[in-house]
Structure formats: structure tokens, C-alpha cells
Amino acid sequence: MKRRYYFMDVLNIIATMAVIFLHTSEFAFNYEPTLRWGVAVVIQIAFIWAVPIFFMISGANLLNYRERYDTKTFFKKRLGKVLVPFLAWSLIWYIFNHFYFLNHDWGIRNFFDLLMHGQIQAVFWFFYFIIPFYFAVPFLSLITTRENKKTVLYVIAWFVLGVGIVGYTHSLRATPLDYFFSNMPLIMSTGIGFFFAGWYLQQFPPAKSQKKWYALGSMLAFLFMLGLTVYMSHQAGKTINAVYSIFSIGGFFLPLGIWVYVRDALENWEPSPKMATWLKRLSGASLGVYVIHEFIIYIAENTYHLQAGSWWHMIVFPWFVWGLSIAITLALQKIPVINRLMP
């Protein structure tokens, strides 16, 4: 029987909360030299590790799937849990956008066009990385073996160089990526470094003497992204949010320290049966929270005329959104048929 790693449940839960904090602090995108804007930017950068942590959890759990079941079983498990909800919730959001935002240009062709280009719901960009990753896992899993430790590190190193440094620099300069790196197979797949890093840190936990370097790396990454964002935004007169992209060197190193810290603190933790049940339920609600929390944000903002730059919106509101999203998800998971959309 596969051991349950409760630290991953905790990471899943706090990453879900972090996503909501990101989406309730988007006042950061509206530059103004004020304290509120500065706090919004701090929140954005402090929680930018959310999706990378999801990627790392997927890498840690799935890149060794061959040890537990065959490839056919893998696809049945993963695609049923993600592909079906993705398609269903894309349709639900498409209908919602039509009636709530009065998007009149709609139809089957329009739906599939927007679906294929990731334009139905902006926060669904996550699916456009995780689903292709699932299709690639059968051959990626042939690379991620303990015997191929150096090969995995090689891929991660090139990812950091190609995506985290070279690609990041081109992004900040608004110039196209050079042919050398853009044509490099596998390495430049923008999420591959996170998936491999999750697998690597799970298989080869850092020694005690190395853990402080991960913590230092995360702190420096945060300070680097914060300082550069404030500086470049002041210079440009607009928010340069590309500075704290997850596909930057800072965006790569920030989640590593968080992973190592939580794993070190909770790796051998054995919660009570009741606590273990709740951890499993809350962790299992993460996908549901991800697909519905924007409904709550949109409706609450428009109904109660919430100001995006208010302290309540940035600090208190996300807790309300998370709690209500959890309650709705857990309730829907109890309803036959509908629970297939909330795996």
C-alpha cells in the first residue's frame, strides 16, 4: 500500500489558499506609488509559488507511477480526475460568461476555439500545463529513475538556464527567445523543471546541512523579485508583473525552499485519524476550489461593489472565498454524477 505523505496534503491545502490570495490581490496590476499597491505586490510575490508547488506535487507523485500500476491505469486515473472536470467546467464557465458578462458571440465553434486557446477562464491556464504533462509522463517516467539521478539534474539545470535565466531575460526585455534555446527539445517545456524538481526532492531529500541553503535561496528569490518589480514598475510607470513570473529564476527557487521546509517539518508526522481524514478531504478539494473560487470573487465583487485595492479585499476576503469554496466543493462531492466534476 502506498504511504500517504501528509506534508503533501498540507502543501496542497496552503497552495490552494495561495492561489486565492493571488487572485484577490490583483490590485497589484494597477500601478500607483502607494502603500496599498506595495502590499498587493508583496502578496503577489509571497504567494507566486502556488502553482509551481502543484506541479512539484504532481511530479513527486506521478513520475514513479510504474512502481504502482501500468500506463493504462495511469491514464484512467489521471485523465478521469482532471480532463473530464476541465472540459465540464470550461463549458460551465463559457455559459456563465455569456449570461453574466453578456458575451453574445457564442456557439459550439466559438466554444472550441476559446477552449483550444485558453480564453474561457484565465485561471484555467494551469490545465494547459498539467494535462500535456500527463500525456508526457509515460516517457518522462523512463528518465526519472534513481539510476538516472544525474540526467534529471541535467534537465533541471538546463531548465533553470534556458527558462529561468535566458527566457526570463528576453521576457523582461520584450524580445523573442533566441533560436538556440527555443529549439532545445524537452528542456524548454516551461513546466518540466518543476515536475522534475518535485520528483528529485522527494527521491533525494537534501541533507541537513543543505536545507539552510534552500531557505536562503527562497528568501533571496523573494527579495530579488520584490526589489526588481518595484524598481522596474517605478521606472515604467506601470506594473511589470513579468518580473515575478513563475518561469523566472526567482520563481523557480522560491517554491523549493517552501517544499523543503514543509517536508522537513512534517515528513514523519502522523496525525490523529480525525485530522488525517480532514487533511485528505481538504487536500482532495483543491481542484474544486480552483475551478469555482472565481465565481465567488466575481459575484461578490459585483454584488457588494468591493474595491480591489481595499485592505478587506486583499487580506480578509481571500479567507472568506477559500472557506466558501471548500464548503461548496465538499457539498458537491457528495452528489452522485456531479461528484465526477469534483474528484
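Using the three backbone atoms N, Cα and C, a Cβ is placed for every residue, glycine included.
Heads up, TrEMBL stuff is auto-annotated, nobody curated it.
Under the heading domain 'Acyltransferase 3', TrEMBL lists 6-329.
The transmembrane segment annotation in TrEMBL covers 7-25 (among others). Residues 40, 43-44, 46-51, 53-54, 57, 60-61, 123, 258-259, 262-263, 265-267, 269, 279-280, 282-283, 285-286, 289-290, 293-294, 297, 313-314, 317-318, 321-322, 325 of the same chain lie 6 or more positions beyond the ends of the transmembrane segment (7-25) yet place their CB under 8 Å from a CB of it.
Annotated transmembrane segment per TrEMBL: 37-62 (among others), in sequence order.
Look at TrEMBL and you will find 82-102 (among others) tagged as transmembrane segment.
The transmembrane segment feature in TrEMBL is assigned to 122-144 (among others). Outside the transmembrane segment (122-144), and at least 6 residues removed from its termini, the chain residues within Cβ reach (under 8 Å) are 19, 23, 51, 54-55, 58-59, 62-66, 71, 74-75, 78-79, 82-83, 86, 89-90, 93, 151-152, 155, 189-192, 195-196, 199-200, 290-291, 294.
The feature transmembrane segment is assigned by TrEMBL to 151-168 (among others).
Sequence-distant contacts of the transmembrane segment (180-201) (same chain, six or more residues past either end, CB-CB distance under 8 Å): 52, 55-60, 63-64, 129, 133, 136, 140, 144, 149, 152-153, 155-156, 158-160, 162-164, 166-167, 246-247, 252, 255-256, 259-260, 263. Marked as transmembrane segment by TrEMBL: 180-201 (among others).
The transmembrane segment feature in TrEMBL is assigned to 213-231 (among others). Outside the transmembrane segment (213-231) by six or more residues, the chain places 38, 41-42, 45-46, 48, 206, 239-241, 243-244, 248-258, 260-261 with a CB less than 8 A from a CB of the stretch.
With a threshold of 8 Å between CB atoms, the same-chain residues lying at least 6 positions outside the transmembrane segment (243-262) that come near it are 7, 10-11, 14, 44-45, 48-49, 51-53, 56, 159-160, 163-165, 167-168, 171-172, 190, 193-194, 197-198, 201, 205-206, 211, 214-222, 224-226, 228-229, 232. Taken from TrEMBL, the feature transmembrane segment covers 243-262 (among others).
What TrEMBL records for 282-299 (among others) is transmembrane segment.
Taken from TrEMBL, the feature transmembrane segment covers 311-332 (among others).
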